[in-house]
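In TrEMBL this protein carries:
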DOMAIN    B:6-113  domain 'Tetrahydrofolate dehydrogenase/cyclohydrolase catalytic'
DOMAIN    B:141-200  domain 'Tetrahydrofolate dehydrogenase/cyclohydrolase NAD(P)-binding'
There are 2 protein chains.
Amino acid sequence: MECQVITGARIAEKFLDELTRQIKDVDAQVKLVSFLANNDPSAEQYAEVTKKSCARSGIVFELRKIGREELEDAVIAANDDDTIHGILVYYPVFGGGHDQYIQNCVNPFKDVEGLCHLYRFNMYRNIRHIQGRKDLKSIIPCTPLAVIKVLEHCNVYDNDVPYGNQLRGKTITIINRSEVVGRPLAALLANDGAKVYSVDINDILLFYRGPDLELNKYKVQDTDKKLEEVLPISDIVITGVPSSNYRVPLDLLKDGVIAVNFACAKNFDDEIKTKASIFVPTIGKVTTTMLQRNLLRLYKYRTYGRYSNGTM
Amino acid sequence: MECQVITGARIAEKFLDELTRQIKDVDAQVKLVSFLANNDPSAEQYAEVTKKSCARSGIVFELRKIGREELEDAVIAANDDDTIHGILVYYPVFGGGHDQYIQNCVNPFKDVEGLCHLYRFNMYRNIRHIQGRKDLKSIIPCTPLAVIKVLEHCNVYDNDVPYGNQLRGKTITIINRSEVVGRPLAALLANDGAKVYSVDINDILLFYRGPDLELNKYKVQDTDKKLEEVLPISDIVITGVPSSNYRVPLDLLKDGVIAVNFACAKNFDDEIKTKASIFVPTIGKVTTTMLQRNLLRLYKYRTYGRYSNGTM
């Protein structure tokens, strides 16, 4: 069996086409404003990439550079500005808890990143809709959402069974437990029925929903397992180690594994192609596309009559 | 002029008396549950101190030790438990953003620490009541609140003028800009009209409301000032440097300064007594008392008929 190498760009393609079509149908400018308050050149580069991707789908993207002590007021002013439909902030700004304070200052109806408490809570608690309304799907943070779309593209989800069981029977290892990607992703995949080994430098945790369908959200269990034990039993291995020196030990992988890397660094050597059935080396373009998808979704929610005041 | 040395215990005394009286008037058990999920022995010691202080005022205090992956579910169960009136978590648990996620999982009506977004937002935005209701004062985090009570005890506030101007004309230096104490405290004091120099290892920021009474919250301004410039012009110097080696350079202080230390470490040498008019060497007991004061306040809010479902 040959390994399929699928780029993020290719996976993003169909979403971008769909977005472009939908944005054309909207009879107003859809506008995303991003705040750069940390002088980080890599954030500026990322803004450039986002701008290009937005230009393609027809979204107006504006970068605003400001001092960090002005950020809170600027975000709140953007909440109140009806010409702005999505707000994005490049973190870290202060580092630590004050960044999350800023995240929670963003109006949930403009929170394209899905980082405010409402969406985090829904994600961890396996609550799939806002206020129980079937027409208002909750927003999922862009990078974890991008990984899910990658896995959907790889036909890992069983669409014939109900939500919550579509990954039943799958064993997944995620090497990264950051609070922005690794932990939310482990929770999301476990909420979908997978058995997820979440690996960080200290230990390996098991995220699972188990066989009990009454159990409405994932649980976490300590394990004393080592990477050498979980990799050989994993159908899917997802990596996000931000170091240019780290490589997944390929000899431990199952033949036919699906390998996905969301780190900027290369976590798999090229020989992964001799082991994997599918290899996705980067997902950055899926992430920027998910940002726009969240934006369009929130734009539509706000224009629903009763929600037009932008409060939830 | 002789220096008055005032201990936190002495300042706490009148609040504890008042609390004890009020708790007696409540015809139910008022119960505070604290969660220890980090195996930190100093948190356990702190719990012991809180327990003793609660015992004195008649509050039931319960410490629950659990694993950190169980914390979220335990907090949410405590939200739903009508016999629990206050919830306290010893941080850091996960470190980073997931701790603030947990803080936001606490029902605001049980958030005795004042760490959820609603209270942080109100504090930074100078919003003094919940939902604009004059009978529902917003909750202020315990340590910054304790420092304010210390300053009130020292007669620094001018009670003859309206809220927002009671510290007008005062210059205050705070050596600490942590997100738990130093930054909120700078914002609170500036919202009360003071000119506050907020010192951290990198720079000195000026928090101020300025002469414009229309300006409804503090602003922050970069400065290129050094400690040698701000200390000699400060009426009040508040320190929170968690290092046993750090000492405020006494020769820079104004004669008659009010000196308050909220760090566990000793930030002023004993010779401070030759310079200061008032010296408050520790405030820990005021902090534990403010915790109970917040608890009693929230207990009363919840028992108001229309708020009895515990949602805001």
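Cβ atoms here come from the backbone N, Cα and C positions, even for glycine.
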Model confidence over the domain 'Tetrahydrofolate dehydrogenase/cyclohydrolase NAD(P)-binding' (B:141-200) (mean pLDDT, whole number): 95
Summary of DSSP states over the domain 'Tetrahydrofolate dehydrogenase/cyclohydrolase NAD(P)-binding' (B:141-200), given as helix, strand and coil counts: 22 helix, 10 strand, 28 coil
Helix, strand and coil residues within the domain 'Tetrahydrofolate dehydrogenase/cyclohydrolase catalytic' (B:6-113) as assigned by DSSP: 60 helix, 17 strand, 31 coil
